[in-house]
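Enquirer: Below is a structure I'd like to ask you about.
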Amino acid sequence: MTAAPIFATALVGVGGALGAVSRHAVGLRVEGRRSVLLVNALGSFALGAITAAPIGSTAALLLGVGFCGAFTTFSSFAVGTVRAASETGARAGAAVAASNIAAALPAFLLGSFLVAESFG
Amino acid sequence: MERTPYGFLLVAAGGFLGAVARHAVDVGAGAVLSGTPTGAGTLVANVAGSFALGLLLTRASSDRTFLFVGTGALSSFTTYSTFVADAVALGTPAGAWYVAVSYATGFAAAALGLAVGGRNPR
């Protein structure tokens, strides 16, 4: 069963608001690019777990599309990478670009694996 | 401002709108392409949001504007976790290409936004 469009929108919006606030809270405690790396890795781990979990579309919209989608960010990552490259050099930019995918991709797969194992 | 309840409220309101807009783009892209996941909606949101954030960083007139539009809306409109999920769903080699194309267009868009915003300062 899929959620009605207006209900789906509300779920995504509420999840998005909570995800954004949580990301902001991390950003107040951890400095700039490291905070982006941290939320992207943590949020990808969580989304991997959610994707593998036997949950309905309601929880998937709220937690996956809304919360994890908004907790992690591509725009801050892209601007941070460009700024690192222009301020410190191409190698610094490449390090920011590589570290995010090197942390987030295994995190997503690990989250997915752990949940699949525990429900398998 | 950024540590006040009002600051958090601005981030929450922006986050609501950003996530809803991303979902709308995703549903729209799915309707156009129909069927198998392609990551097209996420790619469009990430590239457009990266350009807009670059522009905003050079033009934001106040902390309030930045918290609502930047930290709230644009950062939630774009996503890294769904981007990774889309890349995994595409498998190899398509997923690797998806990451490469997202990175190249996302960085170009962010650089363009910063350049356009910085060219004609307010």
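Cβ from N, Cα, C; glycine included.
The transmembrane segment feature in TrEMBL is assigned to A:35-53, A:60-80, A:92-116. Annotation comment: TrEMBL describes A:GLY69, A:THR72 as Na(+) binding site.
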Enquirer: What are the sequence-distant neighbours of A:THR72 (Na(+) binding site), meaning same chain, six or more residues apart, C-beta distance under 8 angstroms?
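Expert: Counting only residues 6 or more apart in sequence, the Cβ neighbours of A:THR72 (Na(+) binding site) under 8 Å are A:GLY19, A:ARG23, A:VAL39, A:ASN40, A:GLY43, A:SER44, A:LEU47, A:ALA104.
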Enquirer: State the three-class DSSP label for A:GLY69 (Na(+) binding site), counting H, G and I as helix, E and B as strand, and everything else as coil.
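Expert: Its secondary structure by DSSP: helix.
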Enquirer: Long-range neighbours only, meaning 6 or more apart in sequence with Cβ under 8 Å: which ones does A:GLY69 (Na(+) binding site) have?
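Expert: Set apart from A:GLY69 (Na(+) binding site) by at least 6 residues yet with Cβ under 8 Å, we have A:VAL12, A:GLY15, A:GLY16, A:GLY19, A:LEU47.
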